[in-house]
Amino acid sequence: MSSKRPSTDGRRDLANGSLSSSPEEMSGAEEGRETSSGIEVEASDLSLSLTGDDGGPNRTSTESRGTDTESSGEEKDSDSMEDTGHYSINDENRVHGHSDEEEEEEQPRHRVQRKRASRDQDSSDDERALEDWVSSETTALPRPRWQALPALRERELGSSARFVYEACGARVFVQRFRLQHGLEGHTGCVNTLHFNQRGTWLASGSDDLKVVVWDWVRRQPVLDFESGHKSNVFQAKFLPNSGDSTLAMCARDGQVRVAELSATQCCKNTKRVAQHKGASHKLALEPDSPCTFLSAGEDAVVFTIDLRQDRPASKLVVTKEKEKKVGLYTIYVNPANTHQFAVGGRDQFVRIYDQRKIDENENNGVLKKFCPHHLVNSESKANITCLVYSHDGTELLASYNDEDIYLFNSSHSDGAQYIKRYKGHRNNATVKGVNFYGPKSEFVVSGSDCGHIFLWEKSSCQIIQFMEGDKGGVVNCLEPHPHLPVLATSGLDHDVKIWAPTAEASTELTGLKDVIKKNKRERDEDSLHHTDLFDSHMLWFLMHHLRQRRHHRRWREPGVGATDADSDESPSSSDTSDEEEGPDRVQCMPS
């Protein structure tokens, strides 16, 4: 993969880099200002001792003249100076004595004043640059491609057979999103959301180890059950074409489990089908397969799971970069070519594999890799927290921690640059999700550490919707409805929120600029310390976890879910290590 950077990297790019100079450049500049200011003060003070064209006597020569006034050379110098400057040597020494004292008093004051002026100027420049950056992100939107009145007229005339389909991807509806209601049933952070194929049910998984299946319209749970996991449930998904009878789940304990649901609205049982040696954050479903799916874990392993087999899981690939394993946070199958899948994790590369062509002896089995060129050799520890294919598989969206969201063309060659970039949010505190919204993937939606939900128009990269989504401070999960203009979200709060375009007027994006400024400042400050994912917020999570630990313990009853015999189907050891099972649930690490 090419590691060349664009030739413009050396210039100050507000969109791609920091708004201010590096600390080393700032300190060097201030030292230069101090040195020059000291010279200016000395020259101005000493110039008072002469009225001639000279820049002022040298301090060493002044001392020599004061100690040896009998020499002929000094007399000649003194005579000539008296003729030109009208001062005697003694007068000159007195003047210099006073000027030295004044200089010692004035220099610190001048230095402080210049430092203050320099800081004020730098602050003013940074603020102006930040304003320019925010303005560039909130410019006027282009004309919408879909308008309600002409579309309604066409439907009346029978010339538009796909009115609902087109309306769901219209900007005007997205700009009218408002909170409809919340679904309350969990006692911990809600880490995963997934609609069934018909869009009638919504599954949610939580730190409380439960999975709830909702009738989201009636605001009632259809069923809830213990997942069988021993730590935070990170994902729960309906397998397609299974009659909503099978749920696949993964969690922080590294287990991949399958739940069988009955028509009587209860969970018959759950069983473990795979075991990672680290947390498993994401599952990847094949669009039409009720039996097969993929899982990825922080152990860098991708499992392919076929429920028709006696031993369902088999190791597909171990993700590596130069013989070093790369822990994985996210995985997604290309909906247009189900042989291909993409993964992302603890480095800056999006990796695409083809299940038919994986040869770990050749390029570690990777078909191709993508990465924003400015991050290829960056010292910042970039991680991919989530990636997702568009509806037709032509585009690939990747969200980076403490960076931006990037759109790649999945058909481009290895090492290709991104084609779009989406900015304004903050992705630092958790493994945050990102998604497309709209039947044709017209929009990009992401949560943020500031507790807001951001929606960008994919084509223009402009923010078109901005909603307060979580009182706890972080929005992690965003799940679009498969057929309707509805969005489900969750985060640190213990409920699920349902959004629909029912507002009387389009959003005015109130407070957006202030939030963008705050997110940008915090990100720039954190980038100076090069903190790794989770480090800056781990203490906060641990404290939050300890406050809820006693409340969660009552859900950790033995004998729930799969029995020990079920674990025999795991491709790895059935005895998980202390590292895998021992830690209590850490609050809201996933999306």
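The count begins at 1 with the first shown residue.
For all residues, glycine too, the Cβ spot is worked out from N, Cα and C.
Note on SER61, SER72, SER123, SER572: Swiss-Prot annotates phosphoserine at SER123; no matching annotation appears for the rest, which is not proof of its absence. According to Swiss-Prot, of the residues SER21, SER80, SER118, SER527, SER21 is the one noted as phosphoserine.
If you compare SER64, SER78, SER99, SER573 in Swiss-Prot, the phosphoserine annotation sits on SER99. ARG198 (omega-N-methylarginine) has a Cβ environment of 10 other Cβ atoms inside 10 Å. ARG198 (omega-N-methylarginine) carries neither a helix nor a strand DSSP state and counts as coil. By number of Cβ pairs under 8 Å, the repeat 'WD 5' (379-418) is matched best by 426-466 from the list 185-224, 426-466, 470-509.
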